[in-house]
Amino acid sequence: MSWRPQYRSSKFRNVYGKVASREHCFDGIPITKNVHDNHFCAVNARFLAIVTESAGGGSFLVIPLEQTGRIEPNYPKVCGHQGNVLDIKWNPFIENIIASCSEDTSVRIWEIPEGGLKRNMTEAVLELYGHSRRVGLVEWHPTTNNILFSAGYDYKVLIWNLDIGEPVKMIDCHTDVILCMSFNTDGSLLATSCKDKKLRVVEPRSGRVLQEASCKNHRVNRVVFLGSTKRLLTTGVSRWNTRQIALWDQEDLSMPLIEEEIDGLSGLLFPFYDADTHMLYLAGKGDGNIRYYEIGSEKPYLSYLMEFRSPAPQKGLGVMPKHGLDVSACEVFRFYKLVTLKGLIEPISMIVPRRSETYQEDIYPMTPGTEPALTPDEWLSGVNRGKATGATLEESSRHSPSSSLLPFQLLRMFFRQQDEIRRLKDELSQKDIRIRQLQLELKNLRNSPKNN
């Protein structure tokens with residue numbers, strides 16, 4: 001028999017985590033002390049947003065990515081909510097639009113000015129009211145423009161069409177608080193985990209539950225679709241209270257394909273999946289570890305690669321979208337780690353070690369673009385379409401993603417034009433008054449005694 005290595009040959013076997021130097025971190029941030037199990041952080045290629053501790057109401061910071069270092073205590077905030085902010089998410093198609101939800105039962109849409117905030121922002125572009133209790137989760141539809149999902153403590157999921165600023169569908173199949181929502185690649189299916197210990201796959205437009213698993217042995221906390229593999233991965237707790245992951249077939253949730261115990265720690269396990277590299281990252285809340293695996297199509301499905309370790313515990317993690325990565329450094333994933341005790345946001349780059357400095361095509365396959373595939377009306381009418389994979393990551397990183405003209409922008413342009421019209425009318429009126437004054441002065445000069 002020929003000798004065979006014990007490990008799988010993989011181009012990602014030696015991926016390592018590289019922490020940014022202190023001057024490239026974000027320091028002095030009063031990160032929220034809220035115990036809600038969310039990341040409290042959202043990042044895109046332009047901005048970093050972090051939910052902060054605040055007295056009265058809820059607020060979050062929005063910092064341009066290049067503005068690293070110490071953040072001043074009086075740095076302007078987005079502070080329009082009347083209750084604690086529980087979740088924030090950037091619009092995937094337009095990089096200065098962010099959604100937030102709060103204990104005040106509202107969902108709000110904010111437009112961040114070019115270059116970031118210069119003063120506190122209290123006025124949202126849209127204020128959305130439809131939940132009867134606090135709202136814990138928001139998620140943008142992955143392929144459709146201006147469709148937003150929100151999950152509240154009223155056990156309801158509302159689907160909002162932001163073109164009209166109203167909910168267009170309510171998903172009412174849960175019997176307890178919804179813990180997590182995840183979409184498949186084209187957004188035609190929604191997976192949810194719930195406090196009622198059930199994992200569900202839902203058709204979001206009809207609200208119909210297609211598959212349901214009652215997870216008594218594996219108490220599900222988080223769920224994520226594994227790209228286009230028709231599989232789901234969940235993190236949870238075993239009957240012996242150990243942290244555990246399970247892999248499921250999305251079309252048959254009667255039994256998990258595999259279950260694997262991770263460790264005996266108590267913090268929540270956050271799963272992150274990269275569909276381009278087929279890598280799964282598991283980050284523990286309250287510890288400093290990030291484990292990573294490669295997902296295969298055949299048994300054993302999960303292949304352990306390595307673990308990033310840090311003594312600083314993480315409260316949550318933001319993830320940079322693919323077009324914001326540094327391809328020249330062979331970076332395949334980037335986390336933004338919230339270290340509450342230090343008031344620090346720490347970028348962690350996952351890097352494939354390569355000697356060559358040229359673009360590495362094998363680790364950067366074609367990736368979905370940043371243009372929406374559908375309009376809200378198309379998606380609501382039943383059309384499914386994935387985002388086009390028309391660009392390599394090298395091309396995406398060279399060109400900043402263009403954003404289509406959304407109703408927010410059209411509305412803003414309309415108001416700007418209205419302001420300009422008013423200004424010109426005022427200017428014209430002032431000139432008319434001045435002309436009349438000059439005509440009167442001329443008439444007085446002609447009629448004065450000196451001219452007779």
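Any Cβ shown, glycine's included, is placed from N, Cα and C.
Note that this is a predicted model, so its numbers are computed, not measured.
Between the listed ranges 57-84, 393-420, 421-448, TrEMBL ties the annotation coiled coil to 421-448. Mapped onto DSSP classes, the domain 'DUF1899' (5-69) shows 3 helix, 24 strand, 38 coil.
For the repeat 'WD' (128-170), DSSP puts the residue distribution at 0 helix, 25 strand, 18 coil. DSSP places the residues of the repeat 'WD' (171-212) in helix, strand and coil in these numbers: 0 helix, 23 strand, 19 coil.
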